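Annotated in TrEMBL:
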- 20-38: transmembrane segment (TRANSMEM)
- 44-61: transmembrane segment (TRANSMEM)
- 73-102: transmembrane segment (TRANSMEM)
- 108-125: transmembrane segment (TRANSMEM)
- 132-149: transmembrane segment (TRANSMEM)
- 183-204: transmembrane segment (TRANSMEM)
- 224-243: transmembrane segment (TRANSMEM)
- 305-323: transmembrane segment (TRANSMEM)
- 329-351: transmembrane segment (TRANSMEM)
- 358-375: transmembrane segment (TRANSMEM)
- 387-405: transmembrane segment (TRANSMEM)
Amino acid sequence: MNALRGFWPLWCRDIGSASFIGMAVIFVLVFVPIALLLKRPEEAGFMLAFSMIGLSTAIAWQRNRLHAAEWALVNPGFVALVRGHARFLLGAAIGVTLLAWLLLDVPLGYGGLALLLGALFVRLCMYRPGSFYLSMIAFFSLILIEPLLGTVPVLNIVSLPLALLVWLWLDRRLWGSVWQKDAVSIYCNGMTTGGFFLPSWRWLSFTRSVDARLFPLSYFGGPAINAALVLMPVLVLLVSLLLKLKGSEISFIHLWVQFTVMMSAMIHWTRAMRWRSTDPLLMLPVFAGWQDFCQHFYRAQLRFLWLTGLSITLSSFISVTLFDLPLWIWPLAVLATLWGSALSLAFGVFCKTSLHTTALMLLMIFPLVTVDVAVRLSEKGSQDPLQWLAINGVLVPVALLLMYITRGRLPRN
């Protein structure tokens with residue numbers, strides 16, 4: 001246990017790494033068991049892979065922080081301490097992957113390929129610290145694991161040993177104590193944005209008008225969350241076509257619902273990360289004080305919810321059409337996403353710490369399970385569409401009412 005000395009303050013009190021570790025823990029302890037209860041081991045593997053990328057991102061964050069500060073020069077043993085913590089997380093990730101395979105029959109390739117992708121991401125961050133901004137792409141790339149394993153089954157066997165070798169190779173090169181100028185700006189930006197934004201690439205310029213309409217909410221989330229919602233239907237189309245080419249009849253529409261709801265939770269995750277820069281924002285002449293700022297934020301949340309509804313409407317239509325699902329699943333997925341996102345926005349205003357935002361992620365469970373169970377029952381022919389639609393239709397105004405009630409409860413610091 002001496003090897004874990006200092007782990008809690010270094011990794012769990014730093015809101016950057018704590019957010020990614022908390023996300024990883026939630027997906028392993030909550031979403032993996034839920035997927036198994038729903039008898040979907042492949043989806044449990046996907047949730048496990050999501051957790052592996054979360055741990056890899058936390059390691060990349062700590063490595064970047066190490067090279068952004070002078071602690072390694074002041075305390076020669078500090079590098080070895082952080083390195084030991086990273087090894088522990090890597091060992092835990094491999095152990096969880098093996099246990100899920102041996103005890104729960106979760107395909108081994110999900111954890112193995114995710115750890116390989118995580119190693120590549122950390123290597124890119126080592127070579128160029130600005131690559132940390134690509135963390136969202138790493139998370140969304142996990143959607144391709146399922147069709148990849150179906151196309152190349154041998155990856156289920158070789159991916160984990162290969163990932164272990166790559167991480168061992170990486171460990172010998174990762175912890176050099178050379179101070180990096182770029183790492184400083186990445187760390188400072190990460191402390192104010194959560195690291196959850198993309199570089200200002202030209203092909204993302206289309207989000208500028210959306211960002212302007214969603215201000216001040218877009219000040220916290222940046223273009224990445226808006227771009228994710230806008231591009232979600234394209235991603236759904238590509239993945240669905242790959243699944244159809246492989247011969248799969250699983251639409252994964254409930255996962256698209258989960259991802260879309262997660263974007264609403266990410267808004268308050270980045271807001272909690274950027275609380276230090278809220279006061280300078282209030283100096284803008286567009287706000288007449290804190291309560292006026294809260295009203296602007298509430299109206300921006302409503303516009304964001306409209307964008308969310310448009311995104312899931314297109315995404316669910318693609319899934320329902322390509323996989324020949326009953327037509328009533330389409331409005332059901334839209335309604336479940338709307339009330340799930342509205343609840344995330346309503347309760348998200350209370351979030352102050354990474355623990356709060358991690359707990360907020362649990363709200364994704366309810367719309368996820370709702371859509372998945374509805375699809376299963378429709379496949380068996382035992383369903384009452386009107387009842388499903390009525391219940392979810394009632395939940396939408398209830399969630400909107402909660403958004404209205406909590407509109408002035410944003411924490412000042």
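Every residue gets a Cβ built from N, Cα and C, even glycine.
Annotation: stretch 305-323 has the most Cβ pairs under 8 Å to the transmembrane segment (224-243), among 44-61, 73-102, 305-323, 358-375, 387-405. Distant neighbours of the transmembrane segment (329-351): 253-254, 256-257, 260-261, 263-265, 267-269, 271-272, 301, 304-305, 308-309, 312-313, 316-317, 319-320, 357, 360, 363-364, 366-367, 370-371, 374-375, 378, 385, 388-389, 392-393, 395-396, 398-400, 402-403, 405-407, 409-411; these residues of the same chain sit at least 6 beyond its ends, with a Cβ under 8 Å from one of its Cβ atoms. Sequence-distant contacts of the transmembrane segment (20-38), counting only residues of its own chain at least 6 positions beyond either end whose CB sits under 8 Å from a CB of the stretch, comprise 11-12, 44, 46-48, 50-52, 54-55, 57-58, 61, 89, 96, 100, 104, 106, 354-355, 357-358, 361-362, 365, 368-369, 372-373, 376.
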